[in-house]
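As given in TrEMBL:
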- 5-283: domain 'FAD/NAD(P)-binding' (DOMAIN)
- 318-382: domain 'NADH-rubredoxin oxidoreductase C-terminal' (DOMAIN)
- 422-466: domain 'BFD-like [2Fe-2S]-binding' (DOMAIN)
Amino acid sequence: MSPRSVVIAGYGMAGARLADDIRRRDPDGERVRLTVVGAETHTAYNRVLLSSVVAGTMRPEVVRLHDDDWPSRTGADLRRGVTATSIDRAARRVHLDDGSTVDYDALVLATGANPWMPPVEGLEPGPDVVAFRTLDDCARILDAAKLGAPVAVLGGGLLGLEAARGLAGRGNLVTVVHPMPHIMERQLDAESARVLTRKLEELGVAFRLGVGAARYVSGDGLKLDDGTHVPADLIVVSTGVRPETKLAVDAGLTVEGGIVVDDLLRTSDGRIHAIGDCAKHPGAFGGLVQPAWEQAAVVADLVTGTKSASRYRGTQAVTRLKARGIDLTALGETMTGADDPSAEVLTFSDPAGCRYGKLVIRENRVTGAILLGLPDAAATITQLYDRGTPVPEDRLAVLLGRSLPPGAPSAASPADLPASAVICRCNAVTKGRLVEAWRGGATDVPALAGATRATTGCGGCKDAVDGVAKWLAAQ
């Protein structure tokens, strides 16, 4: 029986992970003949870590997901710098912009999302106006952000703040312009945002909140809609993204903001799946790597026939701000207040110490939390949230990271963790899996990453993985 032709349109984090997952299930290509089409000329890279490239704490080559030998090693037909332009559903054929076509038995759309450029007079992509989304964008930002030059970052969301912190750390004079009353309004309540703003100000980032950009003149800076002015030799735009759905729309697939999919990640055409930022599933959150990678695993199960009962039921997303000197985790219900009679809500605020904690409990289970400057509490509460286990009676001790229930991870004491404790949430890597890999010869973080994928998602578990490696080395 000849292998099925599976075509992946998109070679970003979702498409690359799907390709890897397919080959993990079908290493010899006996079941799947794999073609991957990607618009960028780079090998796949970890978009989540681009802020670290801007900050100078990671080199561009470090964030790559594949090396140059990946196609020959896996037998995949990788076409870089090529874009899928149309789908002939009747013929099951994808047309590419180089004039070629690829036939498919199953097609997976992993086309991601495009940055949204706000309609501001004079704001056009160019050397001094860059939308922060790709590895090439990083290079353009670093070329334009001369030491000490003023930079305006449009957008006070997760990515904008990471870029702002990175540029401030390089010596730029950074101002974040955000039209909402406080930063990260999708993940943080007003008080936690105030504490985070204060911390970022201490790290050299200035803020203009509740105002928008009105006009940009190259060489003259940014005029705001309240009539004030922000000096800027460079504008970094991080004002959100829009799912890339043109291919799906033109093919007549159902699109409602994103490409609508069911629990098998199928579109309105059963032979076409969609995953990642381009897809719309009621249980997924855009802009995060974990849902995309969980979706990739389900589609890999299905197209290889490994697990026909595999389904995507949604993701319990955890948001982490990846910025040097800041430890922030937000999960689940973050806007629930103490006035909600059905919830138990604890808060702790220490603006001077740049710490804030919020814990939301329903029926003795964690349903939400905000944890700033409380890494031990973040580890404990994330485990409680993931597992749905009861919250210990001393709630305040849990919120402050002083009470660790059985099985909860503490970065300071890996010896206390059970083998089942999840260390890398993005890839569901447990302590037991790390121990197994370490005994197999993976004795440092890069080797453990290669063996288990730990740290290759958001990167937030790197210190914990390093702690496990050092603990094992000391045995």
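Even glycines carry a Cβ here, placed using N, Cα and C.
Note that the structure is predicted; figures quoted are calculated from it, not measured.
Within its own chain, the domain 'BFD-like [2Fe-2S]-binding' (422-466) is flanked in space by residues 46, 48-49, 52, 65, 289-290, 293, 318, 320, 322, 329, 379, 382-383, 386, 409, 411, 414, 472-473, which lie at least six positions past its ends and keep a Cβ under 8 Å from the stretch. Per-residue confidence over the domain 'NADH-rubredoxin oxidoreductase C-terminal' (318-382) averages out at a pLDDT of 94. Per-class residue totals from DSSP over the domain 'NADH-rubredoxin oxidoreductase C-terminal' (318-382), listed helix then strand then coil: 11 helix, 36 strand, 18 coil.
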